[in-house]
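Engineer: Sharing the record's features from TrEMBL:
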{"type": "BINDING", "residues": "His4, Glu179, Met180, Glu181, Ser203, Asp204", "note": "purine D-ribonucleoside binding site"}
{"type": "DOMAIN", "residues": "15-210", "note": "domain 'Nucleoside phosphorylase'"}
{"type": "BINDING", "residues": "Gly20, Arg24, Arg43, Arg87, Val88, Gly89, Ser90", "note": "phosphate binding site"}
{"type": "ACT_SITE", "residues": "Asp204", "note": "active site, proton donor"}
{"type": "SITE", "residues": "Arg217", "note": "site 'Important for catalytic activity'"}
Amino acid sequence: MTPHNEANRGDIKKTVLMPGDPLRAKYIAENFLTDVKQFNAVRNMLGFSGKYKGKELSVMGSGMGIPSIGIYAHELYEKYDVENIIRVGSCGAYNKDLKLFDLVIAMGASSDSNFAHQFNLPGTISAICDFDLLRKAVISAEKLDMNVKVGNVFSSDVFYNNNEDEWKRWEDMGILAVEMESYGLYLTAQKLGKKALTILTVSDSFHMKEQTTPKEREKSFNDMILVALESCLI
Ligand code: HPA
């Protein structure tokens, strides 16, 4: 047990899919997994273990932002012997070629967060994903015929940014999209010698403000989950 997780060691499998929203963890467990057992409800950060096509894995919410995913990922890796965390989330597109519901896989994560200050490094560390998880996710996306872009994302500390045009400077540096967690996840994995990857679906674009319907969002979420789950079988 930890202050944030009531699971016993062994309840959580080696690979954990992490959506931000705990109700999405429940949705994945109910719609994609068999033999499901809930292992956490502390703070309603729901977590479940089950099987996908016979392969044991877990799903758990991460909450929003680097501090939240930093807590849950640290505990999963260190207290529950988890080896792989695959974040499955949404992002806002900075890159103009990205369309709504395209997939973005975060090879690296840049940030305005000071999460890395704790490591006392005499420079700037790059937060990068695990290459093996990345390779498998790309193979899985290609097999499922999904539009996917792989590159650098921006993990922002703020959703409501007072500097309205700041995103253009990140776009200018080749950043594909903005979300709020991968930088914390990747650095936590790097520190603990574990593996992490983020797969995102584009939920909005900074170039064109388009509305999406709940049905469209559900389909694109399901497609992303399939990419993540199938990558675990490779
Ligand atoms: N900002 C931060 N995170 C996000 C966004 C955004 O615009 N869209 C989806 N996740």
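Any Cβ shown, glycine's included, is placed from N, Cα and C.
Automated prediction, rather than curation, is the source of TrEMBL annotations.
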Engineer: Tell me which residues of the chain lie with their Cβ under 8 angstroms from that of Val88 (phosphate binding site), as long as they are six or more apart in sequence?
Structural biologist: Leu17, Met18, Pro19, Arg24, Ile28, Thr198, Ile199, Leu200, Phe221, Met224, Ile225, Ala228
Engineer: Just to be sure I understand: of Gly20, Arg43, Arg87, Arg217, which recorded positions have a C-alpha no more than 10 angstroms from the C-alpha of Ser203 (purine D-ribonucleoside binding site)?
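Structural biologist: Close recorded positions: Arg217.
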Engineer: Measuring Cα to Cα, how many angstrom lie between His4 (purine D-ribonucleoside binding site) and Arg43 (phosphate binding site)?
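Structural biologist: So the alpha carbons of His4 (purine D-ribonucleoside binding site) and Arg43 (phosphate binding site) sit roughly 7 Å from each other.
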Engineer: Can you grab the distance from Arg87 (phosphate binding site) over to Glu179 (purine D-ribonucleoside binding site)? Cα atoms, rounded to a whole Å.
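Structural biologist: Distance between the two Cα atoms comes out at 11 Å.
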Engineer: Pick from His4, Arg43, Arg87: which of these binding-site residues has the biggest number of other Cβ atoms within 10 Å of its Cβ?
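Structural biologist: Result of the Cβ crowding comparison: Arg87.
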Engineer: What is the separation, in Å, between the Cα atoms of Asp204 (purine D-ribonucleoside binding site) and Gly20 (phosphate binding site)?
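Structural biologist: Asp204 (purine D-ribonucleoside binding site) to Gly20 (phosphate binding site), Cα-Cα distance: 16 Å.
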Engineer: Using a Cβ cut-off of under 6 Å to any atom of ligand 1, determine which of the binding-site residues Val88, Glu181, Ser203, Asp204 qualify.
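Structural biologist: The binding-site residues passing the 6 Å Cβ test are Ser203, Asp204.
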Engineer: To which of the binding-site residues Ser90, Ser203 does the lowest count of other Cβ atoms within 10 Å belong?
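Structural biologist: Checked Ser90, Ser203; of these binding-site residues, fewest Cβ neighbours within 10 Å: Ser203.
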Engineer: Give the distance between the Cα atoms of Glu181 (purine D-ribonucleoside binding site) and Ser90 (phosphate binding site), rounded to the nearest whole Å.
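Structural biologist: Cα-Cα, rounded: 10 Å.
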Engineer: What residues, ordered by sequence, lie under 8 A Cβ-to-Cβ from Met180 (purine D-ribonucleoside binding site) and sit at least six positions away in the same chain?
Structural biologist: Gly20, Met64, Gly65, Ile66, Ser155, Ser156, Asp157, Phe159
Engineer: Near Asp204 (purine D-ribonucleoside binding site), how many other Cβ atoms are within 10 Å of its Cβ?
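Structural biologist: Its Cβ shell of radius 10 Å holds 17 other Cβ atoms.
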Engineer: Give the number of CB atoms, excluding that of Arg217 (site 'Important for catalytic activity') itself, located within 10 Å of its CB.
Structural biologist: 15
Engineer: At a 10 A cut-off on CB-CB distances, which of the binding-site residues Gly20, Gly89 has the highest count?
Structural biologist: Gly89
